[in-house]
Amino acid sequence: MARAKFERKKPHVNIGTIGHVDHGKTTLTAAITMALAARGGGKGKKYAEIDSAPEEKARGITINTAHVEYETESRHYAHVDCPGHADYVKNMITGAAQMDGAILVVSGADGPMPQTKEHILLAKQVGVPNIVVFINKEDQVDDIELIELVELEVRETLQRYDFPGDEVPMIPGSALMALTALTDNPKIKPGENKWVDKIYNLMDIVDSYIPTPKRNIEKPFLMAIEDVFSITGRGTVATGRVERGVVKIGDSVEIVGLGATKITTVTGLEMFQKTLDESIAGDNVGILLRGIQKTEIQRGMVLAKPKSITPHTNFEAQVYVLNKEEGGRDTPFFSGYRPQFYVRTTDVTGKIESFCTDAGEPIKMVLPGDRIKMKAELIQPIAIERNMRFAIREGGKTVGAGVVGKILK
C-alpha cells in the first residue's frame, strides 16, 4: 500500500510529560490529545492506548515510552509520555533526550515527591531546555492556599536545578476531570467545561513559552537507533529521532558503535506511517537501509554522515552524583567502580578509573551529592563526542548524570 506523504505545514516540537508516579502524566497526555482532537488537532487517544505496556498494565505503571501526536493552531507536536516509576528512569533517559520542552506534572494533593526531583535533575542533565508545570488534581484540593504552597515548593526545586523557577508557568487543573468530560462528549467546545478549558490554557502556554527549537539542520546528520526491524522484501529499518542534520533518500550513512563501522545507503524514509523524501533534525523516523541484515545493527548504534563521528571507549567527564533523596546511592564509591553508562539509546558497562573535585583536587572516594570530574573507560566503543550527556546507573538506581568534557581514546 502506498503511504500518504507527511506534510510539513507547521513547525514541529517534541515535548513530553515528566513527574512522579501516579501524579497523572498519562491521564494528562490523554486529556491533551482528546481536547485538541475536539478542536480538530489530531486523533484523541484513550488512557489505555497510551499506557500500552502490557506486562505492567496490572499495576498501572507505564514502562514503555509512548509516542502520540497532536496539533495546536500554531504547531505540530510529538509527545512522549515518559515513565514515572524510578526503576524505569532508563527509559526517561532515552525518552527525555527527545524533548524540546517538558510538562512537569505535580499532584496538587501531594506536592513534589522524590521522583519529581529526580526527573527535574534528569531533564537538566539530558538537556531539556524548558519546563511548564501542570499542578494536577486541583479538584481534590479544597484550599487554594495548598495549591499556592505546592507552586512555591516546585519553583524552589526548579531553581535548585538551574531552571528559571521564578518564570516557569504553572497551570492548575485536573487531567481526570477534563478527560472524563471529553470521554462523555468528545465534541465539547471551548467555554463549555472549566476543566477542559484548563487543558486548552496549558497548551496555549506550551505554544508560547516553549520556543520553537532551532534545529541542528546545518550540522552533519546523526540519529541514535532506538529499534530495528525487517520488512520482508525491502530490507532492514532503523528507527529513532534525528538528532541533527538532514538525511535524504540515496544518501550514504555510517553505522557507528558497538562493533566495526559499516557504510550503507538510505533507500527509504517514513514518519508516522507516511513517506518522506528527506528527514530533518527533530523527526522521529524510520530509515530503510540497503544491504544490511537485521543482525548487523542494534539499538545503541548511531547512523551518521560518513566520517562525522567516531567510536570511543575512554573519556573525561563532569558528573553530578545523586544523593539518596534523589534516588541515588547511599554509600560512597571508589576508583575501579563499574556501573552502566547510558548514552543516547544504549547502556554500556564502564569502569570509573579516576576522579577529582570540580576544582581538580584529588579525592579518594566519591560521596552521594558530590560533583566530580572523572575518567572512564567503556568495555565497548560507542559514538561519543564532547558535550554529550549521559547517565550512570547501577542495579535500577541512577547513580549520576554527566557530560563528556574530553575524548581520550
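Cβ coordinates come from backbone N, Cα and C, glycine included.
The shown structure was predicted, so the numbers you read here are calculated from the model rather than taken from an experiment.
Per Swiss-Prot, the stretch carrying the note region 'G2' among 60-64, 75-79, 140-144, 260-264 is 60-64. Between the listed ranges 136-139, 164-167, 184-187, 232-235, Swiss-Prot ties the annotation region 'G4' to 136-139. Sparsest Cβ environment among the binding-site residues Gly19, Asp22, Thr26, Glu138 (other Cβ atoms counted within 10 Å): Asp22. Secondary structure at Glu138 (GTP binding site), as computed by DSSP, is helix. Under DSSP, Lys25 (GTP binding site) is assigned to a helix (H, G or I) in the three-state scheme. Mapped onto three states, the DSSP output places Gly19 (GTP binding site) in strand. When the alpha carbons of Glu138 (GTP binding site) and Thr26 (Mg(2+) binding site) are compared, the span between them is 16 angstrom.
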